[in-house]
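As structure tokens, the structure follows; a few thoughts come after it.
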Amino acid sequence: MAVSTFSSPTPVFGIAEPPASFSSTAIGWKQPLRFRRTKKPRVISCDYSCIEVRDVCYRPPGTQLNILNGVNFSLREKSFGLIFGKSGSGKTTLLQLLAGLNKPTSGSICIQGYGDDGQPKADPDLLPTEKVGIVFQFPERFFVADNVLDEITFGWPRQKGSLQLKEQLTSNLQRAFNWVGLDSIPLDKDPQLLSGGYKRRLALAIQLVQTPDLLILDEPLAGLDWKARADVAKLLKHLKKELTLLVVSHDLRELAALVDQSWRMETGGVLVAERPPL
């Protein structure tokens, strides 16, 4: 069998092209080899979903005055939304509606899917409240257990036959602790003895165990010293890559770099798209 000699082939798309002197018949091929330059087809998927609030109004039972009036906004998945405005304007009320703690008087809160052409793919689905996590301002006021483990597993299923769910929650717990930096905290420690920053981390971990589609935070930096504020802001930057965040805050400077969309709540419960004033 003859041996062909290659002369310094030049790679094209990772494949060396043989020189013109190369004969495929020398190694037993019946047809000459043909080398074609081919490009991998580009597959672009732009499908995405948004959490959409559509013309939502809210009037507390037994009253005649709306706290929220015709609120509309759309928040794309895995993005960071910020709502700011004066105290008493209705920001926290809106968060409570999103979390399912109250129901809108009118309007809807839904998840809308979109195709790569930017058009709605189908009718929207109502936002399931079990897929929404909320961390209130000063969350330590809502702690109920005397150790970290009992606090984070409070509300887990206790009945027989729930082993598979418990195993999934345990796996989620390990991931949540890693995400928020609690893996070095003793599980038998009283959560009320944690620093302010670590109390916020614990409150975040409790919600993350449930793998929410939307995580809502009400004043996440309030009452923290400068170092804890910086740590929580850094944590939110990481979480933004994993899930959708909606934050109500007066601390605009620390959060401005994270914001993808922002709105100002005006007195009277009207929401207006606006960049945070710095």
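Glycine is treated like the rest: Cβ placed from N, Cα and C.
If you look up Swiss-Prot, you'll see 1-49 marked as transit peptide. According to Swiss-Prot, the feature domain 'ABC transporter' maps to 51-278, an assignment based on sequence analysis. Taken from Swiss-Prot, the feature ATP binding site applies to G85, K86, S87, G88, S89, G90, K91, T92, supported by sequence analysis.
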**Report entry** In the chain carrying G85 (ATP binding site), residues 6 or more apart in sequence that have Cβ under 8 angstroms from it
**Finding:** K91, R264, M265, E266
Query - Protein Cβ atoms within 10 Å of T92 (ATP binding site), excluding its own - result: 19
Report task. For the recorded ATP site formed by G85, K86, S87, G88, S89, G90, K91, T92, name the remaining residues of the chain with Cβ within 8 Å of the site's Cβ center, in chain order. Result -> M265, T267
Report task. Across all the protein chains here, work out how many other Cβ atoms are within 10 Å of the Cβ of S87 (ATP binding site). Result -> 7
Query raised in the report: Averaged over the domain 'ABC transporter' (51-278), what pLDDT does the prediction give?
Result: 91
Query raised in the report: Which residue, out of the binding-site residues K86, K91, shows the minimum number of other Cβ atoms inside 10 Å of its Cβ in this structure?
Result: K86
Query raised in the report: For G88 (ATP binding site), what is the tally of other C-beta atoms lying within 10 angstroms of its C-beta?
Result: 11
**Report entry** Under 8 Å by Cβ from G90 (ATP binding site), same chain, sequence gap 6 or more
**Finding:** Y58, I67, L68, M265, G268, G269
**Report entry** Secondary-structure category, per DSSP, in which K86 (ATP binding site) falls
**Finding:** coil
